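Quick notes on the structure that follows.
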């Protein structure tokens, strides 16, 4: 049996299901490229049959990813498998992941079939998926609550039908490590053809045991772990990729296992997912929390000064978190910026130097000193920009009346090829800015969530504004970063404006295509 544990990332499928607003295709591609740099073996990037948007996302990612295997989910239905195969057909290497429920409560209450009928459906789905690829994964949904005799029968049948990976999910996060490890061990003891497949696990965190259960599973012989960046996912979330990677790296002496994960990309990938998904990382989160390498106790600090490994079992540098406190100013040249970006793991193709340096100089003139987290924030915002932004905010001026609490905002917007200047009042500067932007764009957006955060520390921190907006029965997520909170708020709104404009454009194109089909192609 191999000592390598395959990392199957499902941030863009299971993880995205937890978001208030779906990621755009471009945002999903950003995450996929980051996962490829991170070194995940397999990335599950969507459920193509569920919507045209998911189909497009899977197809786009499949077209761009070269080193990781791209996977799509499907129920044990031919139409689902057809959609997955079609979306994945452009990929260098791909996997079809099909599943069906196996626990008594799911079989009887959800599927309303007998177990034998469900077993036949599973076998049929695996055989059908094998028409498109040799790499088929089969999942026994709610395996943690499935009678062990039934689970053994299902696993043996799926392997015989051609599945090369068998996934054992603890779908509702119900089991404890000794119990879950025992399930995996029993499968190895009782399923005669189990050596013909890789055993995978997919653990949820409802009882806070997803990582512990996954480790127990690999100790029992499983060799694939399904996980997400920052542990995001349904309900309480999934097994955390960064925790699994660092457990296996840090305790290789005990576990004797390894992964292909490039740990120095962990911090960068975690930050990207947090920002794009509008899901802040709790400060005490293992590995990637802001307090993960912070020592407050005097005894601990004294020990750290004497020997770093007295209280650190891993280093910040090992996950790509650089301790270099070099401050950059408007006098710093391009070579300094390039050097700092390289040290943070960014290649020349990850950003445009002209755009980044211009933004850096503008920020340095405002702040004086610019830090690593500022550069990362600027690179992040550059990546969000679309070539075809319909709305561009060129200038924003706000005046406030401190006595009455009223404010006036004047905004100059480029709307398509036209430049428009509008002014409006509001209850405070942010409200005034939003009213002015609405006038300039003739687009009304209902804000359902507004979050103000910070990138960095103290008075030099950048303001980060995340908004969720409701438009045409869909949620859209916008983000803005600036030294000024009002400007960051305006940027977030303009970001959402562009997303909704593109959504309208896509809907119109689909309508035209439908009308063309109805007219027989005329």
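Every residue, even glycine, has its Cβ placed from backbone N, Cα and C.
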Fill in: Additional site residue, 9, 14, 431 [criterion: listed by Swiss-Prot with 202, 204, 238 for Mn(2+)]
14
Fill in: Secondary structure of residue 14 (Mn(2+) binding site) (DSSP, helix/strand/coil)
helix
Practice prompt. Mind looking up the mean pLDDT for the domain 'Pyruvate carboxyltransferase' (5-267) in the predicted model?
Written response: 97
Worksheet item: When you measure from the Cβ of residue 14 (Mn(2+) binding site), which residues in the chain that are at least 6 apart have a Cβ under 8 Å away?
Response: 44, 202, 226, 228, 233, 234, 238
Worksheet item: Within the region 'Regulatory domain' (392-522), how many residues are helix, strand or coil going by DSSP?
Response: 50 helix, 58 strand, 23 coil
Item to complete: Note the Cβ centroid of 14, 202, 204, 238, the recorded Mn(2+) site, then list each other residue of that chain whose Cβ lies within 8 Å of it, in sequence.
Response: 10, 169, 171, 203, 205, 210, 226, 227, 228, 233, 234, 237, 239
Fill in: residue 238 (Mn(2+) binding site) in three-state DSSP notation
strand
Worksheet item: By the DSSP assignment reduced to helix, strand and coil, which category contains residue 202 (Mn(2+) binding site)?
Response: strand
Worksheet entry | In the chain carrying residue 204 (Mn(2+) binding site), residues 6 or more apart in sequence that have Cβ under 8 angstroms from it | 169, 170, 171, 172, 173, 210, 233, 234, 235, 236, 237, 238, 239
